[in-house]
Amino acid sequence: MDKGLHLVLCVLTAMLLLGESSQTGEKNEPQMLAASTPDADLRGSGEGLPTLTVTTILEDPYVMVRSAELEGYCMDLLKALAAMLHFSYKVKVVGDGQYGAISASGNWTGMVGEILRQEADIAVAPLTVTSAREEVVSFTTPFLQTGIGILLRKDTVSQEMSFFHFLAPFSKETWTGLLFAYLLTCFCLFLVARLSPCEWNEPKNEENHFTFLNSLWFGAGALALQGVTPRPKALSVRVIAAVWWLFTIALLAAYIANFTALLSSSSEQLPIQTFEDLVKQRKLEFGTLEGSSTFYFFKNSKNPIHQMIYEYMDKRRDHVLVKTYQEAVQRVMESDYAFIGESISQDLAAARHCNLIRAPEVIGARGFGIATTQASPWTKKLSIAVLKLRESGDLDYLRNKWWESSCLHRSRDSWSPLQPQALGGLFLTLAIGLALGVIAALVELSNKSRHAAGHVKKSCCSVFIEEMCTRLRVKESARHGQEAAGKANA
C-alpha cells in the first residue's frame, strides 16, 4: 500500500516537472524569436529601400559606357530622382536596342516591351512620349523638350557660290553709292586742280596734269592703296586726296571684314532649310531610326510633305533606315545622307562634330519622359520630382553639362550685306572733304585774282570770273599747239 502510494506520488511529481519544463520551453522560444527580429530589421534598414529595375538605351550623351560604368544625362537624372524619392535601383541596357514600337506580331519591342513584360519597372532614356506608347504605359512629365529636325553635313549642302560672289559683302545700294562717290571725287579733283593757281599757275602756257582721265586713275589707285601720279601740289587738291584716302581705307577695312565673315558663314547658308527643301532635292538620301517615334510621326501625319517623306523611307526601308543613333551620325559624316531625328540629339551631334549642322526647321514638338507601368504609384512621384528639378534649375544644369560644345559656331543671322546706313558717316566725311577742297580752291583763285586785279586795274570780281572761264575752257589741245609753235620757231 505504502509502496503503491509512493509510486503514485513519484508519477505525479514527474508529470508536474515535465509540465513546467514544457511551459518554460514555450516561453523561452518567443523570446528568442523576438530577440532575432530586431537584428533582422536592422539589416533591412540598409537594404529596405525599394529597388527599381531601370531599363535604358545606350545613346550619347544620355547613357554612355565609361570605364565599365554607365554615365550620362539620364544617369545623373536617375541619381537625383533616387536621392529625392529614396529608392535604390539597378540599371540594365535594353536587350534588343530598340526604344519601343509594335512589331509585326503585335507585341511591343524595346524598352516599352520590357516594361509591359515586367522585366523592368521604369525606363529612363530619351524615350519620346507618344499617344501609342501612352496607351500601354504611363509617362511622367517630360524632362526634356525636343522636336524633329534634319542633320546634315556642311560640305554636302553648302550653296554654290555665284560668279560675282565677291560683290556680296556690300548691298546693291552701297555699291551704287560707292560708284557715285568715286565719280564725284574724281570730278572734284579735276575741277579743283583746274581752279587752283597753285596746281596750275599759267593756264595758257602750262599743262594741267589732272585731266579727267588722270583724276579717274588717281581715284582708282587710292582704292587699291597704290600711289599713282599725278601728285597733288595745291592745298585744296591735297585736302580732297587725303579725304579720299581716308574714305578708301575705311571702306576696304569694312569690305575685308564683311567678306571674311561671309566666307566663314557661307557653309551655314543652307539650301535645305525645310523638310520641303529636303524632298525636292535629289542629291541627298534621308532616313531615320527604324521603329522610332519619328518614323511613325511621318507615317501618321496628314501633311503631304510628311507623307512624301514617309513613302520615300518606307520604299527604301532597308537602305535609309538606321539601327542606332551612332550609326546615323556616322553615315551623315561619311556619305551623302541626311538624318531625320530628335532635334536635341542633333544639336549635340553638331556640338561634337564641327562639320555637321542642323537645318533651321523643327517640327512635331514633343518631350522625353520616364515610362512606368500603368497605374504605377511611381508615376506621380517621379513627375513631381522632375518638376522640382526643373524649378530648381538642375535640369538646365544637366543640359549645359552634357551638351557643351567644342565648336565655335557663328549665328546664321550674324552676317548680312553692309547697307549704306552703316557707312553713312563715312560718306558724309567724304562729302565734307570735297566741299572743303572746292572752297580752298576758290579761296586760292580769289587770292590770285585780287593780286592780279591790282596790276591790271580791274575789279576783283571781273578778274576772278575771267580766271575761272580761262581755266575751265582751256583744252588739252593747247599743249599740242605749243609743241607745234616750238617746232616752227626752231
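For all residues, glycine too, the Cβ spot is worked out from N, Cα and C.
Quick look at what TrEMBL annotates:
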type	residues	note
SIGNAL	1-21	signal peptide
DOMAIN	51-405	domain 'Ionotropic glutamate receptor C-terminal'
DOMAIN	61-117	domain 'Ionotropic glutamate receptor L-glutamate and glycine-binding'
BINDING	Pro126, Thr128, Arg133, Ser293, Thr294, Glu342	L-glutamate binding site
TRANSMEM	175-197	transmembrane segment
TRANSMEM	235-257	transmembrane segment
SITE	Ile272	site 'Crucial to convey clamshell closure to channel opening'
SITE	Lys299	site 'Interaction with the cone snail toxin Con-ikot-ikot'
DISULFID	Cys354-Cys407	disulfide bond
SITE	Lys388	site 'Interaction with the cone snail toxin Con-ikot-ikot'
TRANSMEM	422-443	transmembrane segment
**Asked** Using DSSP, how many residues in the domain 'Ionotropic glutamate receptor L-glutamate and glycine-binding' (61-117) fall into helix, strand and coil?
**Response** 20 helix, 15 strand, 22 coil
**Nearest of the binding-site residues (Pro126, Arg133, Ser293, Thr294, Glu342) to Lys388 (site 'Interaction with the cone snail toxin Con-ikot-ikot') - Cα to Cα** = Pro126
**Asked** Residues sitting near the transmembrane segment (175-197): Cβ under 8 Å, six or more positions beyond its termini, same chain?
**Response** 167, 203, 208-212, 215-216, 218-220, 223, 232, 234-237, 240-241, 244, 247, 251, 420, 423, 427, 430, 434, 437-438, 440-442, 444-445, 447-448, 467-468, 471-472, 474
**Asked** Any idea what the model's mean pLDDT is for the domain 'Ionotropic glutamate receptor L-glutamate and glycine-binding' (61-117)?
**Response** 91
**Message:** Take the mean position of the Cβ atoms of Pro126, Thr128, Arg133, Ser293, Thr294, Glu342, the recorded L-glutamate site. Which other residues of that chain put their Cβ within 8 Å of it?
**Reply:** Tyr99, Leu127, Val129, Thr130, Thr146, Ser292, Arg366, Phe368
**Request:** Have a look at the recorded positions (Ile272, Cys354) and report the one with the fewest Cβ neighbours inside 10 Å.
**Result:** Cys354
**Complete:** CB contacts under 8 angstroms to Arg133 (L-glutamate binding site), restricted to the same chain and 6+ apart in sequence, sorted by sequence, are Gly100, Val112, Leu127, Phe139, Ser293, Ala371
**Item:** For Glu342 (L-glutamate binding site), the number of other Cβ atoms found within 10 Å of its own Cβ
**Value:** 27
**Message:** Return the residues near Thr294 (L-glutamate binding site) by Cβ distance under 8 Å, restricted to its own chain and a separation of at least 6 in sequence.
**Reply:** Thr128, Ile148, Thr288, Ile340, Gly341, Glu342, Gly364
